[in-house]
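Over in TrEMBL, the protein carries these features:
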TRANSMEM  36-62  transmembrane segment
TRANSMEM  92-114  transmembrane segment
TRANSMEM  121-139  transmembrane segment
TRANSMEM  145-169  transmembrane segment
TRANSMEM  181-202  transmembrane segment
TRANSMEM  300-321  transmembrane segment
TRANSMEM  341-365  transmembrane segment
TRANSMEM  377-401  transmembrane segment
TRANSMEM  407-426  transmembrane segment
TRANSMEM  438-459  transmembrane segment
Amino acid sequence: MPGRVHTLPVVFSPAGHPHRGLGGPAMPGQGLPLRVGTLLTGLLECLGFAGVLFGWTSLVFVFKTEGYFEELCAPVGNATEPEGCKAQEEKFSLIFTLASFMNNFMTFPTGYIFDRFKTTVARLIAIFLYTTATLTIAFTSAESALLLFLAMPMLTVGGILFLLTNLQVGNLFGKHRSTIITLYNGAFDSSSAVFLIIKLLYERGISLKASFIFLSACSVLHIGRTFLLMPRGHIPHPLPPNYSYGLCSGQESREEKMVELEKLNVRSKEFSSTSTEKTLGPEEKQATRSFWSFAFTRRFAWHLVWLSVIQLWHYFFIGTLNSLLTNLAGGDLKQGSSTSMVALCSTVPSLALTSLLCLGFALCASVPVLPLQYATFILQVISRSFLYGGNAAFLTLAFPSEHFGKLYGLVMALSALVSLLQFPLFTLIKGPLLSHSFYVNVGLVLVTLLTLVHPFLVYRECQH
């Protein structure tokens, strides 16, 4: 608003000098090169490792070629009839359902671990889970295929911890914070290409074992990045002056304690008298509320519906993609507002666009025309990037940062319960519907329309 002055919070430097701002570009400390290095290596980590589960369709091709669960296929004459492999398809679908459920549900406890024990502990857990999973897959064969039920969930939980610990990197770049969070989520979704690369290498003679041993060896890079380019604690927001981390982390714990001490000092002053409490602005009042007071708000509830429905579409699509293509191919394989409210209003276009992208992707997937599925793939990838980037950005802007880890984990965990519907839907299609998914798709399209309520309510809140 012209003529309106927005004051920024005051952060005190170690020398006692006030520094006013929200982590703008001119920030002293270790300098831009280290921060850019942290940003780029984090981007590589998310792109190459964090969200590989969503390339599951490509990996299933390799598993089938290797004969995983082939004993479940009913032989017809000298060949195996495709319809006779219904049990094999259900096994792979169940593994993906379990892994995608754990990908979301375990975000809540891992978010708590990240908030409570901070970055180094969370990342070491992630490295242990990820390395154990990749080594298990590397040494799994058709005879021990049941180990995939253990390995794939561990792989996804390790990956989501990589993403969660990297999202805080946005705090190093002030006003570009939301952009970087969205960039990391886009990289997380794009990492589904890793399993496609493994499939292509497999077709050129590189074994599945060799590919996953390579992924295991990359854990050395994760460990190095944990101790050299990441904080031991959390990256605060707003960023204090002369903030250091990683290689120069000796000063980090001291600075973090000063930031926490300053927060406690501010809160004690806020509660010291009722007269002071009456003068608090909306942002200060919001900062004093507990985690559960945000978890039970209408804003959070509709965001949960928005995420759950769109995510269910994506998981259902990935889990049934092999069957879909086989069938289609005929048997071949505001005014006076606070800064936080202005930021909240800026999320409306992203929320609405994500819903519309999902609706377009859902409509294309519902039309049984093979050439149209090229558009479905494109819309699905774009929609997924918007979904998880928009989810993290909305939680960052709509709620206090001190509760981000727990709220992010809670919304992902609750949406994971909804994602479990993909397996009964898959069973319904393979059973009573005789591999025709049209009616299920139409039902999901109608439910997808509900997601438009969320951006509408946020918009109306901004107008009020």
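Using the three backbone atoms N, Cα and C, a Cβ is placed for every residue, glycine included.
Curation does not apply to TrEMBL; its annotations are automatic.
As the structure is a computational prediction, the values presented were derived from the model and not from experiment.
Remote same-chain residues near the transmembrane segment (341-365) are listed as 282, 306, 310, 313-314, 317, 324, 334, 372-373, 375-376, 379-380, 382-383, 386-387, 389-390, 393-394, 397-398, 441, 444-445, 448-449, 451-452, 454-455, 458-459, 461-462 (criterion: CB distance under 8 Å, separation of at least six residues from the stretch ends). Most Cβ pairs under 8 A with the transmembrane segment (407-426) among the ranges 92-114, 121-139, 181-202, 438-459 are made by 92-114. Residues 53, 56, 60, 63, 69, 121-122, 125, 148-149, 152-153, 155-157, 159-161, 164-165, 311, 315, 318-320, 322, 405-410, 412-413, 415-417, 419-420, 422-423, 426 of the same chain sit 6 or more residues outside the transmembrane segment (92-114) yet have a Cβ under 8 Å from a Cβ within it. Counting only same-chain residues 6+ beyond the ends of the transmembrane segment (121-139), those with a CB under 8 A from a CB of the stretch are 49, 110, 113-114, 147-148, 150-152, 154-155, 157-159, 161-162, 164-165, 208-209, 211-213, 215-216, 219, 222-223, 226, 230. Outside the transmembrane segment (36-62), and at least 6 residues removed from its termini, the chain residues within Cβ reach (under 8 Å) are 92, 96, 99-100, 103, 130, 152, 155-156, 159-160, 162-163, 166, 169, 172-173, 180, 183-184, 187-196, 198-199, 202, 208, 215, 218, 222, 225, 229-230, 246, 314, 318-319, 321-322, 333, 384.
Here the transmembrane segment (145-169) has Cβ contacts under 8 Å with residues 38-39, 42, 45-46, 49-53, 63, 68-69, 94-96, 98-100, 102-104, 106-107, 110-111, 114, 119, 122-123, 125-134, 136-137, 180-181, 184-185, 188, 191, 222, 230-231, 234-235, 392, 405, 408, 412 of the same chain, all six or more residues outside its ends.
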